[in-house]
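First comes the structure, then the notes that go with it.
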Amino acid sequence: MNSRVLPLYATIAIFLVAYLICYLQFPAMLSTRVIGNLLTDNAYLGLVGVGMTVVILSGGIDLSVGSVIAFAGVFIAVMLRDTGLHPLAVFALLLAVTSAFGAAMGGLIHGLAMPPFIVTLAGMFLARGASYMLTIESVPIDHAFYDVLRSYYRMPGGGRLTLIGVTMLLAVVVGIILAHRTRFGTAVFAIGGGAQTARLMGVAVGRTTVLIYAFSGFMAGLSGIVFSIYTGSGYPLATVGTELTAIATVVIGGTILTGGSGYVFGTLVGVLTMGLIQTYIVFDGSLSSWWTKIVIGVLLLLFILLQKGLLILGQRQRSKMT
Amino acid sequence: MLLTIDNLSKTFPGTVALDSVRFDLKAGEVHALLGENGAGKSTLIKCLTGVHARDSGDVRLHGEPVSPGSTLEAQELGIGTVYQEVNLLPNLTVAENLTFGRQPTRFGMVSVRRMREDAKEMLAGFGLDHVNVSRELGAYSVAVQQLIAIARAVALSGKVLILDEPTASLDARETEMLFEVVRRLRERGLGIVFISHFLDQVFDLSDRLTVLRNGKHIVTAETAGMDRLGLIHHMLGHELDKAEDRRTTRSIRNERLHFKGLGRRGKIEPFDLTVREGEVIGLAGLLGSGRTETADILFGRTPADRGEATDPDGTIDLSNPRAAIASGFGYAPEDRKTDGIIADLSIRENIALALQARRGWAKPIPRGEQRALADDYIRRLDIRTSDAEKAVGDLSGGNQQKVVLARWLAMNPRFLILDEPTRGIDVGAHAEILKLISGLTDRGMSILMISSEFDELIAASDRVIVLRDRRHVSELVGDEIETSRIIAAIAAHDAEGAAL
Ligand SMILES: Nc1ncnc2c1ncn2[C@@H]1O[C@H](COP(=O)(O)OP(=O)(O)OP(=O)(O)O)[C@@H](O)[C@H]1O
Ligand SMILES: [Mg+2]
């Protein structure tokens, strides 16, 4: 069996076991209500996670996404307040801006051969600063269309399947196809496996790099839209540190931080695992929400150890075959 | 003329790699490109295929000027290349590697089933039927990866196929298989550029040959009209120093190391080996016969699960490479691309690295000393470089191998294992390295040398151990060491090599 799938299986197994434990303690947790909320509450995280997965698969990193989400919220709120544009037009404008922003970062990374860490760190400050330029306080969004966007389908059992939850699931499907079933996706894996070799194989490294960060920018913008629907406002201080949470979900999802190996689906499971921990803490009522961070920290460590172990195992296996 | 190159020049900082070189290729011929390490062969290929931008020069395909800006554009022109460096990505599947850039798609989505079929088709004729195209490439041996890289290049080359030292990691059978493919392509009218340091292969396969020296074009001629010595003269610019045909047998010195019943299940049958001071032991056998496995066990890379190692002072710990190094063992492995060098560090740093690790990091080697060490080996191994501070990754392939060798020689181990020490090294340096090995043993170093080239084993070894099917089947000493006997031992069918 392909040893690279193991982290994904481990993630899924951990999620199922965790869910089982939660269920045994609080049977109410196995309901469409909880599942619906899990999707809705973590939709914005899932969206940036998909973008981040593609970036990390290519061996890169995108630290700007948390700020871009905040920028998106503020941009939408201010535009809806100050102009007569329809929200859909504002969304289109926003997605164009964030995609172009990502593309520009990708261009710098490739063109100047700069580490993605530095370029996207600059992008993080830039996007955060830009949101402050638009406003320094929380701007509420009250537009009739937003009520439409908050519509949901009531599942049997009373759970709400919201539009934003479905958007996230759709984005995961698109991400899976993009990463695992297109030529672009293979190019992403190729660059993650070794940019120099990829170039010798005929990969258009520059173009692909630009597209990767543009995609991440697009997903961050989309995540911002979803977040604005979820919170009903735009706030320049929102989602500080979300980029790190997104990286954590990607790693917990079984993608290797150095690139070239991983699964978009794993990221979804990673996001749901995090959401599950939070839900458990809410159900318990006595635990501090900081426990989420502690559990995530432990999980992260566990996964890094798992990956290291698999790496050693893979090498053993290889030396056996030669 | 299919391809013509005129006046091609390329300068790297501190090095003129190509100086007004010309080269041409006809349809339906194999044209060998020859020259010492660092002569500019790989650079010529890279300038031709858009990896490096050329400073000046004119390249024409079917008389039309072309200048591909990337490998991709070269592929689109019908030029498929196997570069000297690693060519494929170990993290992708075999099928993805093979079809990359041309994956069959439906509605923009890659059709995995058809991709596998395409991949299998591309592998046909390479004797790779056992390869599972859905597995990661990295799961296969270097030789298999190399054949897969060639299969990919063959499929991409509508007009020109370029092979830069394709046979360096292949055994005789695989090489013959490759040559069959090349001959077939030649008949189909492809032009093939073949780079190799194995002169036998050049005479066997090529129709014409071109020699470069120090980045300059020296000669282009019909292979049939060229003799070996003349060719070497063109390559080196002088006659080859006549290496000894046989190592002069010397008085047997003290026994130094005893390996008794060492072995590991599924890797190598238990064997006994006694190593004397100043002795060169050759290991002969086909690829997969257990040569590398023997070396791995002796160095603790795969620790033995039985047997023991002793020297006059007691037992030696060979449970891991660190322990082996601490006992004065050294090992220059076969797969130098991954195990050998750190491409971004300079020659000086690479040579000093192993020595430093042995001394412990608390006692840094003074920079001046490192420098002197590096300069010494640059001179002794004739490493072609502008200076000791050049990054090893910027050296030519053969010169990178010399740096690996230098690293281990600098540690001055008492027992040094060399796995294919002259792979990818040119004829001139080849003789130099054998001389160097001889000089080291005079000072008391014991050497275990693995080689697929019998001439080299015969010239250097005091004893040759022949392996077959993961066991040591016979040992040849003194005058017994000759090609026919080695071949007989390798080919013998009955277990103990009784055919001798
Ligand atoms: N990227 C680079 N930067 C600087 N110098 C380089 C670079 N690539 C090659 N060189 C230099 O150009 C010269 C020619 O190297 P090249 O790789 O073409 O040699 P080669 O003929 O292929 O040798 P080999 O038989 O060892 O592979 C060498 O002196 C090498 O150090
Ligand atoms: Mg070369």
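These residue numbers are counts, starting from 1, taken along the chain as shown.
Each residue, glycine too, has its Cβ placed from N, Cα and C.
Keep in mind the model is a prediction, meaning the values are calculated, not measured.
Annotated features, as they stand in TrEMBL:
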TRANSMEM  A:6-26  transmembrane segment
TRANSMEM  A:38-57  transmembrane segment
TRANSMEM  A:63-81  transmembrane segment
TRANSMEM  A:88-111  transmembrane segment
TRANSMEM  A:117-136  transmembrane segment
TRANSMEM  A:157-178  transmembrane segment
TRANSMEM  A:210-231  transmembrane segment
TRANSMEM  A:237-257  transmembrane segment
TRANSMEM  A:264-283  transmembrane segment
TRANSMEM  A:289-313  transmembrane segment
- Task: With Cβ distances under 8 Å as the criterion, find the stretch in A:6-26, A:38-57, A:63-81 that has the most pairs with the transmembrane segment (A:210-231).
- Result: A:38-57
- Query: Most CB pairs under 8 Å with the transmembrane segment (A:63-81): which of A:38-57, A:117-136, A:157-178, A:264-283?
  - Reply: A:117-136
- Message: Same chain only, please: residues at least 6 beyond the ends of the transmembrane segment (A:237-257) with a C-beta under 8 Å from a C-beta of the stretch. Say none if there are none.
- Response: 6-8, 10-11, 44-45, 48-49, 52-53, 56-57, 61-67, 69-70, 73, 124, 227, 231, 263, 265-271, 273-274, 296, 299-300, 303-304, 307
- Item | Maximum Cβ pairs under 8 Å to the transmembrane segment (A:157-178) - stretch from the list A:6-26, A:38-57, A:264-283, A:289-313 | A:38-57
- May I ask which of the stretches A:6-26, A:38-57, A:88-111 has the most CB pairs under 8 A with the transmembrane segment (A:117-136)? A:88-111
- Message: Within the same chain, where does the transmembrane segment (A:264-283) have neighbours whose Cβ lies under 8 angstroms from its own Cβ atoms, ignoring anything closer than 6 residues to its ends? I mean 6 or more beyond.
- Response: 7-8, 11-12, 14-15, 18-19, 22, 25-26, 28-29, 34, 37-38, 41-42, 45-46, 49-50, 52-54, 169, 172, 175-176, 178-180, 245, 248-255, 289, 291-292, 295-296, 299
- Note on the structure: In the same chain, residues at least 6 away from the ends of the transmembrane segment (A:38-57) whose Cβ sits under 8 Å of its Cβ atoms read 65-66, 69, 116, 160-162, 164-169, 171-172, 174-175, 178-179, 188-189, 192, 212-213, 215-220, 222-224, 226-227, 230, 239, 242-243, 245-247, 249-250, 253, 255, 257, 259-264, 266-268, 270-272, 274-276, 278-279
